[in-house]
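Over in TrEMBL, the protein carries these features:
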- 1-20: region 'Disordered' (REGION)
- 155-178: transmembrane segment (TRANSMEM)
- 257-279: transmembrane segment (TRANSMEM)
- 487-506: transmembrane segment (TRANSMEM)
- 512-532: transmembrane segment (TRANSMEM)
- 587-608: transmembrane segment (TRANSMEM)
- 664-683: transmembrane segment (TRANSMEM)
- 704-722: transmembrane segment (TRANSMEM)
- 781-806: transmembrane segment (TRANSMEM)
Amino acid sequence: MFRYSISRGSSKASGGREGSMYGGSSRSYCRHSIKPLCCHEETVAQMLNENDKGDPCDMTYSRRFVSWLYPKTSRRREKTEEILEKRGLEVEVPDIRKSWMFFEHFILPRYVVNPDNPGAFERAVPGEQYEHGTKLYPIFTFNHMMLAEFGLGTGLYFVTVLFLAISTGVAGLINLFLMHKYQEKSNLSITSYKTFMRSGSAHCNNTTNVVVENFKNITNTRCTPEYTRTPLVQTKGLYNTTTQTCTIPMNECSPDFIPMGAVHYGTMIVLTLAMYYFFFRLQKRLETYYDEENLTTQDYAIQVKNPPARSIDPDDWRDFFDPFSEEFVNSVTVVINNEDLVNALVERRVLIENLKFLLPAGTVLNEDTKADIREKASCLFLCNDAPLKLLKKIDAVEERIAALADEDKIDEVTHVFVTFETELGKRNVMQAFSYGKLDRRFNTKRMEQILQFRDRYLEIDEPAEPSAVRWHNLDESMVTRVLQQTVTFFLTLVIMTVGFLCIYYIDKNMNLTTSYFITFFNIAIPMFCRIITSYESHPREGRYQGSLYLKIALVRWVNTVLIQYFIKPFSMTANVGIGEFLSEQSLMEMVASLFFSEIVITPLWFLFDPFTIYAKFVSAPRALSQRSMNLCFQGNEFSLAERYTSLTKLIFFCFFYAAVFPGSYLYCSIAMWIIYFVDRYMLFRRCRIMPANGPYIAKISRDYFFTIAILFHFIMTAFWWSGFPFDNVGEYGGKYYFVNQDIMRTRQWTFPALPSWQLSIDQPKNVPKEWKGWMSPNQEFIVHLTGWTSAAMLCISVVLICRAIGKKIKRKLFYKYKHRTRVQNIDFSDKNAPSSLSLYIPQVVDCRLPYPVLACDICKIQAGFIEWKDPNDESYDTHNLVNDMRDLGYDIDGEKTLFSIVKQWKKT
């Protein structure tokens, strides 16, 4: 479902706040006559007539196609009319053009056209009419520095993509030298895109078959080395029953270790320094810059996380915080423990909307109508008992509502949001009430300076933006959340295990399709993880996205990067083996196939999403009502969790194999550029407006995931250099032997990768004692250099991660508020205040309803402070669950409070 940013402007111009506290008509939202939910058809019809005559460039490409196709769809409309007539439904035939207008004007972000300042992109209220009209945001010419308007996290995401695209591109150009050297040694002829993708890697076509002395035959065609302790993955050779010999390929592609190792080592150092500067210096500055440039409600508000259960009166909260406010407290939102009641009311509303569709046009759903349905269902609806079934469900839900409304704890306060008129008011409170858990536990001197509210020390924190508060999860306890996340994390491990088993089976039986399966598995993973995470309770959208991010990243990192490394035999790193093994893929071929999938298949999937195509072009034209047709145009979700996992997965994949596949830098850069432009297109043309997420996911990525990726860059480089020539063949005295060149996948501790491990790891039986190892002196030098550097990087990474964790622990134990941005000196209710400012209004977003529904009484707030708008119902009466309770006969204004309270005050 979508959320909108409300504009302070009037309906005809972009300046001047309607119903301002400082002048003009001061209008509040009070109960009016309730109008039926008509999905704004009058407004859409007006837009349809105007827009059909307007600029076709201000349409999505899909709608242009539909506009061309519309005259050819009359047959579909006639069939819909026949279905409606047969079912006895006297409703208007839905118009696909109206749904496309709904999608472009109510779902997609638009900006107000300002001829005097063409470079200004003020966010338009969805569906609102302006003097010069509105337009869709330009996809590619919109300044990326202004993308923070869609949320601080969104702005940081796009800047991060640009940085990674540029930095890996530069690294790829530097490593063209390595690609040239590898290609020189490989003797690989480029005959297709597959050979092109793996050219310039450690893949070796220059091999010689040799007969080894130490082996045991396991079948009539296979032979392996004999170990005292069987290794995790064995090298296999071709056994000749006639000569009773074992033959394996020996790679002749020995790299120039000193020049190639020096260039790659320099690349790693430069990339690491660049990433450290960007993530720990520049990104933090950008975060501050974006925060200052985009004034939001969060800059004026605080959240009380432990209010007394019966502190329901907002005037008490205003009086308590008013001495800190500089000017005055603008508003107070008191949230109560009514989640189950609100959910039941939403379910009832959905059922009623479905029932209205089955009734004749203009039918009012009241007790007489219900009795008529029960008595005449069989004849009135042509033996269709669907209305009666819906009515029974509605009755059951109403019984549950009655039981919930009688609960004693339903009016207990769980959270309080206080919005001040000035930024200084918020900062004064945060400084005055900042204390840590240790201060509270040991009752330090700091606690003597803290004021108490009704003999209670208040836990005060900075809230999320109003659009990012998950109102239905605020009343869950910490224990419940931990248990939920434990269960969902276990289910994530189950999904990861299933993916591993599928990949292993496909690789062993249908290995040529493994990379494509991994790609589609990565595409499907977010859907499964979203379903699992939806059962978790998170008070903020950022926390929900963070939990989702952790799950998706874990599965994608393991299934994309690690599984192939551990299931592929070491001797198949650079070539595919001999005999029957020639039908398999080497590890380098697998890496090349995965990069091809990331560059081509994944973007095409997002651009031609089959679910979106089905909803808009198959399901929507067959919808029997305008409302159900509009619900097919809700847009995709622009999930920062999914987007960031794509970045970290690509970087981890690139760094993991960079030493033996230097082309990964260039392919990663190409993939990043494609991600950048595809995501811009998705944001402006395909995705619904999402909650304004903060920098939470950016911080997780910076502190943990990118740090781990850089660490593995150094660790794996050392192990890759130590493994050359990846054939497990050793020569001594003119004879060849099975040896073990894999110093990583052993039972001994072999970190860091050093030449001394050559003889200390498990070697096959019958290897001559005089054999000194497989590494050349130059190779040993590079392994020493990268091995000890990886050990140093491990220490640095541990320090960085511990510092990040330590800061969080310190903030909990010794909390002291510090503001990072300068005060803008703009009052919250000022007519020049940004259009993104809105109050904390409890509401529920349900994908079965075209608009969010409010879960509070809004009679005591000023107009223009709710973050979305219905152009056909400016009073929000049809979208307020309070009115649903009134219709059920409950006294909303009685002694017992059933809904959260929002109250706003004027400047005096």
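Quick reminder: no glycine exception, Cβ is built from N, Cα and C everywhere.
Just so you know, TrEMBL annotations never went through curation; they're auto-generated.
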Against which stretches of its own chain does the transmembrane segment (704-722) lie, if we need a Cβ under 8 Å and a gap of at least six residues from its ends? 202, 257, 261, 264-265, 268, 271-272, 275, 279, 553, 644, 648, 651-652, 655-660, 741, 743-744, 751-755, 757, 775, 779, 782-783, 786-787, 789-790, 793-794, 797, 800-801, 804
The answer for the transmembrane segment (664-683), taking Cβ pairs under 8 Å and residues 6+ beyond its ends, is 109, 139-140, 142, 147, 150, 154, 158, 161-162, 164-166, 168-169, 171-175, 197, 267, 591, 595, 598-599, 603, 606-607, 636, 638, 643, 646-647, 650-651, 653-654, 657-658
Any contact between the transmembrane segment (257-279) and the transmembrane segment (512-532)? By contact I mean 3+ C-beta pairs closer than 8 Å, pairs at least 6 apart along the chain. no
Comparing 487-506, 587-608, 781-806 for Cβ pairs under 8 Å with the transmembrane segment (512-532), the winner is 587-608
Give the nonlocal contacts of the transmembrane segment (781-806) in its own chain as ranges (CB under 8 Å, at least six residues past its ends). 257-258, 261, 265, 272, 703-704, 707-708, 710-711, 714-715, 717-718, 721-722, 751-755, 775
